[in-house]
Amino acid sequence: MNFFKRKTTQPSSGCLGKGDNSNKINFSLSIKNTWLLWLCQCLNIAVIALELSTWMLAIISLSLVWQALLLHQNRDRVKAKKPIKTGIQLNHRQNTHLNKQRVTNVAPILLGIFALLGCLAIAITAKEVGILTSMLHLLCFSYVLKAFELKARSDFYQLFLLGLFVLASSLIFRQDLAFTLITFTLLVINLAVLLQLFSLEKAFATNIKVVVILLGQSILLAIVLFLVFPRLSPFWQVPLAKSAETGLPDTVKPGDIANLTRSTKLAFRADFGQQKAPAYSQLYWRAMVLEDYDGRQWSKQKAARTTPSNTVAGADKSSNDKSLTFDASTTDVLPLNYQVIVEPSFQKYLFALAPAVVAGDKSGIKAQTGYTFSSTSVISQAKSYQLASYLTAPLALELSQKSKQVNLRFPEGSNPRLEQFALQLQHNYADVQARAQAVLTFINKEKYAYTLQPQLLDNNSLDQFFFDTQSGFCVHYASAFTFLMRASGVPARMVTGYLGGEYNGDDAQQFNSKGHLSIYQYDAHAWSEIWVAGKGWLRIDPTSAVDPQRVNSGWSSELLQQQSALNNDLISLYQLKNSALLNALRLQFDALDYQWTRWVIGFTTKQQYNLFKNLFGKMASWKLALVIGVSLIISMATFMLFLHLLNRAKHTQQVLSKWQVVYQKALAQLAKQGMGKPAGMTVNDFAKQVREQYPELAIAFTRLSASYNSLCYQTLSINEQDKLALTMQHHYRQFLHILKKQS
Amino acid sequence: MPQTPPVLDQIQTSQQSITAILNKIETVVLGKPKECRLALACLLAQGHLLIEDLPGMGKTTLAHVLATTLGLSYQRTQFTNDLLPADVVGFSIFDKETNRFELHKGPIFNQVVLADEINRASPKTQSALLEAMAEQQVSIDGITHELPTPFFVIATQNPLFHAGTYPLPESQLDRFMMRLSLGFPDLKAEKQILLSMSQRTNQTLQNVKVDNEAMIEQEELIAIQDAVTQINVSNDVLDYIIALSHVSRRAYSGQANVANMTWDNTPEINCKPLSPRASKALLQAAKAMAFIDNRDYVLPDDVQAVFYVVCQHRLEMQPNQQIGSNQRDSSSVANQILNCVDVLNPLGYS
C-alpha cells in the first residue's frame with residue numbers, strides 16, 4: 001500500500017534509460033532498501049559460498065560488485081536531479097521517500113550475453129563437478145542475475161524466493177546447530193527485507209521484530225510439520241567429497257593426514273550411554289584398512305576383486321570373507337555397546353572400535369573385511385548406528401594364504417635402505433613381536449620428531465623419511481613401520497581412522513555419566529597392524545614410540561600451537577583450550593549441538609515411522625497419510641476459525657491506542673486534583689483551563705495535549721507516530737513529576 | 001498516506017493572503033475578530049453566508065468588505081417586499097433593432113451577491129435565490145444559464161420579530177452554510193468606531209468600498225477552496241461529527257443507529273434534526289477553519305468553533321429571538337448538543 005507509483009512525468013528522473021519506459025514500471029524502492037536487498041543477497045550467497053566452485057564465486061562476486069556500482073551511480077544521479085520545490089516541509093518529505101528505480105540501466109542484450117555465457121560454463125563443467133553442484137551453480141547464478149532486472153513487484157517476489165531457495169540448499173551440506181542458527185538468522189533477515197519493501201514507513205528493527213514474532217507464532221505448525229511431514233531421500237545423486245578436508249582419503253601417502261588434522265570440524269560422535277567409556281588410548285576408531293602398497297601410497301585392497309581365481313571360487317571367497325568379519329558368537333568377551341552419530345562426510349566408510357558387530361538396526365550398514373563398516377549409501381546427512389564392540393577379543397586367529405600374500409607384498413627395490421634394515425632385523429630378532437618392539441625402540445631412541453609440518457619427501461620415499469628427515473606425522477611412522485614389517489616377512493597392514501575423542505559431560509570415568517565423545521577431524525590417525533600366529537592381528541601404533549602423549553591423552557600443546565600457526569584462525573583450538581571459560585563454552589555448545597544432531601537431525605524416516613506406529617498402531621502407509629492429512633486440515637481449520645472469532649471480538653470493541661491511554665491517565669490524575677474535564681470540552685480548551693488553574697503544569701500539560709491532538713487527528717506516517725508517541729510519554733512523565741512535586 | 005503535500009503547500013503559500021484578508025476585514029468590522037474568521041471560513045468552504053442582526057450592527061459592512069477583499073465581482077441588491085424574482089435573476093427583453101429577445105442579466109450573475117435584508121422580500125423572490133444557491137445556475141424563460149465561479153450569496157436579514165419581515169423557509173435556511181450574528185460591539189470597539197468616524201469626515205459606505213482593494217487573486221482563491229476540501233479528517237473527527245448530528249435526531253429516529261450509542265445516555269434535546277447536508281456543511285466549515293489556522297488536519301476544536309453558526313439555524317424550533325448569540329451560550333440548543341458528546345470518545349465506545 002505504500003509503494004510509490006511513478007505518476008508524474010518528470011523528464012528523465014535519472015534512473016531510467018528511456019522516458020517511455022516509465023509507463024511499464026510500477027514498482028520502485030528507496031535507496032536504503034535497495035542496499036538492504038543487496039546486502040541480504042550477499043549474505044545469502046556467503047552461506048553457500050564454500051560449496052561453489054571458485055570460478056562461479058568469481059562470476060557471482062563480479063555481478064554483485066557490478067550491482068553495487070550501479071546502485072552507487074544511481075544514487076548520485078538521483079541526488080543531482082533532485083526536484084526543487086517550494087516549501088521546506090515538502091522538500092523534507094521528498095527526501096525521505098525518494099522514489100528510485102532499482103538497477104535498470106543495464107542493456108538487456110549485455111545481460112543476456114552474460115547469462116548465456118554463464119549457463120554455457122555451467123553446462124560444460126556439469127560433468128566434472130556433478131549434477132548437484134552444477135544445479136547449485138545455476139541457482140546462485142540466476143539469483144544474482146535476477147537482481148539486474150527488478151522492474152515489477154513479481155520480480156521482487158522471485159528474487160526473494162530464489163534467496164530462500166539458496167538458503168535452504170545450503171542446508172544440504174551442513175546441518176549442525178551453529179550453521180542452522182546462522183541460516184535461521186538469515187531467514188529472519190530475508191523476511192524482514194521483504195517486509196521492508198512493503199512497509200517503507202517502519203524502521204528495519206521494527207520489521208525484524210515483527211518477523212520474529214510471526215516466526216514464533218508459526219513454531220507450533222513447524223513442530224507439527226517436523227513430526228508428520230514425510231522425509232524423502234534426496235532426489236539427486238549426492239556427490240562424493242573430493243577435498244581432503246571433509247574426511248579420510250581412500251588412499252594414503254605420507255603427509256596426507258597431516259592436512260586433515262588442520263580441520264577442527266566434527267567427524268562423528270559416540271555415546272556410550274551408561275557404560276564407562278574406554279580409556280583414551282583404547283579409542284582407535286577404525287575406518288579403513290589399507291593393504292595395497294605400491295611403493296608410494298597405501299590403498300584399499302582391490303586385487304581380490306580383480307583376480308579371476310577368486311571370482312570362480314565363490315564358496316572360497318565367502319568363507320574367506322567370513323573369517324575377516326567378526327563373529328560375536330565365538331568370543332566370551334563382554335560387549336561394549338554404544339551409539340555412533342556420523343556427521344555428513346560424503347563418503348561411505350563408518351567408524352567402529354574393532355572388533356565390533358552392529359547391535360541395532362542393520363539396514364544401510366555393511367560389515368567389510370578388515371573389521372570395518374561402511375554405509376550402503378553416501379553419508380550426506382547425519383547417520384546414527386548402534387555397535388557392540390569386543391575390545392579385547394583377538395582379530396582373525398587364522399589368516400588365509402591369500403591374505404597373507406597380500407599383506408606381505410611390497411614393490412621390491414622401492415625403499416632399498418629400509419629393506420636392508422628389515423633383513424637385518426629379521427636376522428637379529430626371530431620373534432615377530434620382539435622384532436616389532438625393536439623397531440619401536442629404535443624410533444624412540446633415535447632423534448625422530450612428531451610434527452604436523454614434515455619435510456616433503458621426494459616421491460614419497462620412506463627411505464628418505466626414515467633415515468634422512470626423521471620427522472613426520474602418524475602416516476609416516478605407520479607407513480615405515482608397516483613396510484619394515486612386511487619386508488622382514490611379517491604380514492602387516494595400514495589402518496586409518498581416528499584416535500581418541502573429546503569427552504563432553506560429567507566425569508568420563510564414572511558410571512551413569514551422561515555425556516558423549518566428540519571426535520574431530522584433527523583426531524584423524526593412522527596406525528598399523530601385524531599378524532602374529534596364535535594372537536591374530538595386533539595393533540601397533542608407532543606414533544606411541546615418538547609421541548606417547550598423542551596416544552595416551554591427545555594432542556600436546558606443541559602440536560596445538562603448530563596447528564594454530566598453520567590455520568591462522570581467529571580463534572584457534574589452541575587458544576580455546578588454553579582459556580578455561582572459552583573451553584567450557586565450547587563444550588557447552590558442543591553438548592547442545594549433540595542434542596540437536598541426535599533429536600532433530602537424527603529424526604529420520606525410520607524414527608518417524610516408529611513414532612506413528614507407537615501412536616496409532618501398525619497401519620498401511622496410505623492410511624497413515626490420510627490420518628495425518630485430515631487431522632492437519634482439521635486442526636488448521638479450527639485454528640483459523642479461532643483466530644477469526646478472536647479478531648471479530650476485537651473489532652466490536654475498539655481498542656484504545658496507547659496515546660489515548662496515556663491521556664486518559666493524565667486526565668485521571670487531574671481529576672484527583674479536582675480538575676475534571678467536561679465531556680464536551682476539547683483537548684485544547686481543557687489545556688487552556690488547566691493553564692489558568694495550575695500555571696505550574698501549564699507547559700507539560702499543553703505539550704501533552706498538543707502531542708495528543710497530533711497523534712489523534714493528524715495524518716502521520718507510522719514512523720512519525722512512533723516518535724511522537726515517545727515524546728508524549730516523555731511529556732507525561734514530566735507532567736507526573738511536576739504533579740508529585742506539588743503535592 | 002503520506003501524499004498530503006499539496007494541501008500543506010497551499011496552506012503555506014496562501015498563509016500571507018489569509019492573514020492580510022483577515023486584517024483588512026478586522027480594520028473595517030471593529031472588535032469582532034471571531035465573527036470575521038467565521039465569515040471568511042464560510043466563503044473558503046464555498047458556503048453561502050447569512051448575517052442576521054439588528055439594523056445598524058455592521059451586517060452590510062461585513063458583507064461588503066468580504067466581497068471586495070476577495071476581489072470578486074459583486075452587486076448589492078436591496079430586498080424589499082415589492083422586489084420581483086426577475087429583478088434578482090434577470091429577464092429577457094425585446095430589442096427592436098435586432099428583432100430578438102436579449103437577456104438582461106440580473107444581479108445574481110455576479111460572483112458575490114449581496115442580498116440585503118433578504119427577509120423583507122416576498123417568499124416568491126426569496127425562493128428565486130434557491131435554485132441559484134443550490135445549483136449555481138438559473139433558468140430564465142426556460143434557458144439555463146451557468147453562474148460564475150466562485151459564487152457566493154451573502155445575505156443579511158433582520159431578526160424576525162421586526163416589522164415587515166417574511167421568515168425564510170426552512171429549505172432556504174438550510175442552503176446557507178452559516179448564519180452569523182454580529183452582536184453589539186464592546187464599549188472599547190464602539191468608541192473606536194466613533195473615533196474613526198470623526199477622523200475621517202464625510203465617511204460613507206462608498207468610501208469604505210473604494211478603500212478595499214482585492215487582497216487575493218481569483219486563481220488563488222479557487223486553489224484555496226480546492227485545498228480546503230482536501231484537508232485531512234481523521235476518523236475520530238468524523239465520529240465526532242456524526243455523533244453530534246446523531247444526538248439531534250433523538251425525537252425523529254426510532255432507534256440509535258450508531259454502534260454502542262443508545263438513547264439512554266443521550267439527553268433529550270428539543271430541536272429539529274440535523275440533515276446529512278448539515279453534517280457535510282459542518283465538516284466543510286471545520287476544514288476551512290483548520291485551513292485558516294494553518295493546519296492540514298481538522299481538530300474537534302474546529303468543529304466546535306463552527307458548530308453554533310453552522311447548526312443553530314437548522315436546529316432551533318422557534319426563529320431566533322436572540323441577538324448576537326453565536327457566542328458560547330449554554331442554553332442554546334447547539335451548545336446543549338456540544339456538551340453532551342464526549343470529544344475524546346464521541347461514539348461512546350467502552
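Including glycine, each Cβ sits where the backbone N, Cα and C put it.
Just so it is clear, the model here is predicted, and its values are computed rather than measured.
Look at TrEMBL and you will find A:33-49, A:55-72, A:103-124, A:130-148, A:155-173, A:179-198, A:210-229, A:624-646 tagged as transmembrane segment. Residues annotated as domain 'Transglutaminase-like' in TrEMBL: A:466-544.
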Between the transmembrane segment (A:33-49) and the transmembrane segment (A:155-173), are there three or more CB pairs that fall under 8 A, provided the residues in each pair are separated by 6 or more in sequence? yes
Using a Cβ cut-off of under 8 Å, list the residues of the same chain at least 6 residues beyond the transmembrane segment (A:55-72) that approach it. 31, 34-35, 38, 41-42, 45, 49, 102-103, 105-106, 118, 121-122, 125, 137, 140-141, 144-145, 147-148
Please work out which recorded stretch in A:33-49, A:179-198, A:210-229, A:624-646 has the most C-beta pairs separated by under 8 angstroms from the transmembrane segment (A:130-148)? A:33-49
If you average pLDDT over the domain 'Transglutaminase-like' (A:466-544), what do you get? 83
Taking DSSP states H, G and I as helix and E and B as strand, how many residues of the domain 'Transglutaminase-like' (A:466-544) are helix, strand and coil? 23 helix, 34 strand, 22 coil
